[in-house]
């Protein structure tokens with residue numbers, strides 16, 4: 001397991017991959033702990049084989065500092081969680097929390113998820129979380145948004161029938177973008193029946209400090225889709 005984000009010329013990673021220097025403890029966790037709980041450097045990825053004693057498998061794309069990922073793993077010990085995040089400081093924070101909690105049901109990758117998702121086995125996940133991704137407000141940057149046809153196809157391939165995709169955002173244009181991308185795809189069924197279903201956090205949602213900062217232009221929107 002490498003500690004550098006994967007480099008594929010077909011993809012360009014937008015935004016920073018590292019902020020301030022890591023502390024000595026964080027660097028030690030990146031050097032020593034990350035290889036132990038990391039994903040394989042190459043070849044297919046089978047989440048069930050990585051964590052065979054877990055009943056379900058979930059993925060969080062862009063986990064930031066790992067607050068949601070770690071809390072979900074603590075609350076759901078029978079689920080194996082995989083987190084993918086390119087930002088080194090976020091990975092280091094997540095490693096610190098995982099180590100402190102002694103969690104055995106989390107695996108991490110410091111990578112661009114667009115590069116690593118094709119390596120996952122088909123129908124290998126029960127749930128995918130994409131929470132408050134970079135909205136790329138400017139129209140000329142719209143193609144940088146994570147939710148595109150190519151990633152939608154990957155979501156459909158990776159989720160088991162009956163699996164769930166949850167996207168959350170506090171940016172109206174991004175919510176509209178996601179609905180356009182997914183609502184017309186007959187592989188997914190939007191689960192909202194009333195306004196409360198998408199304007200209130202789902203019962204199993206874990207609110208993070210980032211979410212409470214209200215950095216977007218609307219209240220948080222939660223879009224849950226069922227894989228048919």
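Using N, Cα and C of the backbone, Cβ positions are placed for all residues, glycine too.
Taken from Swiss-Prot as is:
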- 60, 85, 112, 134: S-adenosyl-L-methionine binding site (BINDING)
- 134: active site (ACT_SITE)
- 138, 170, 208, 209, 210, 211: substrate binding site (BINDING)
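A map of Swiss-Prot features onto the structure.
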{"residue": "60", "record": "S-adenosyl-L-methionine binding site", "Cβ contacts under 8 Å, 6 or more apart": "68, 69, 72, 81, 82, 83, 84, 128, 129, 130, 131"}
{"residue": "85", "record": "S-adenosyl-L-methionine binding site", "Cβ contacts under 8 Å, 6 or more apart": "62, 63, 64, 66, 91, 94, 108, 109, 110, 111"}
{"residue": "170", "record": "substrate binding site", "Cβ contacts under 8 Å, 6 or more apart": "132, 211, 214, 215, 216, 217, 218, 219, 220, 221"}
{"residue": "208", "record": "substrate binding site", "Cβ contacts under 8 Å, 6 or more apart": "64, 67, 68, 131"}
{"residue": "209", "record": "substrate binding site", "Cβ contacts under 8 Å, 6 or more apart": "67"}
{"residue": "210", "record": "substrate binding site", "Cβ contacts under 8 Å, 6 or more apart": "64, 65, 67, 132"}
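Following the DSSP three-state reduction, the secondary structure of residue 208 (substrate binding site) is coil.
The residues near the S-adenosyl-L-methionine site, meaning same-chain residues not in 60, 85, 112, 134 whose C-beta sits within 8 angstroms of the mean position of the site's C-beta atoms, are 61, 62, 63, 64, 84, 86, 87, 113, 133, 146, in sequence order. DSSP assigns residue 85 (S-adenosyl-L-methionine binding site) to coil, not to a helix or a strand. Taking the Cβ of residue 112 (S-adenosyl-L-methionine binding site) as centre and 10 Å as the limit, one finds 23 other Cβ atoms among all the protein chains shown. Ranking the binding-site residues 134, 211 by the number of CB atoms within 10 A of their own CB puts 211 at the top. According to DSSP, residue 60 (S-adenosyl-L-methionine binding site) sits within a strand segment. Under the three-state DSSP scheme, residue 134 (S-adenosyl-L-methionine binding site) falls in the coil class.
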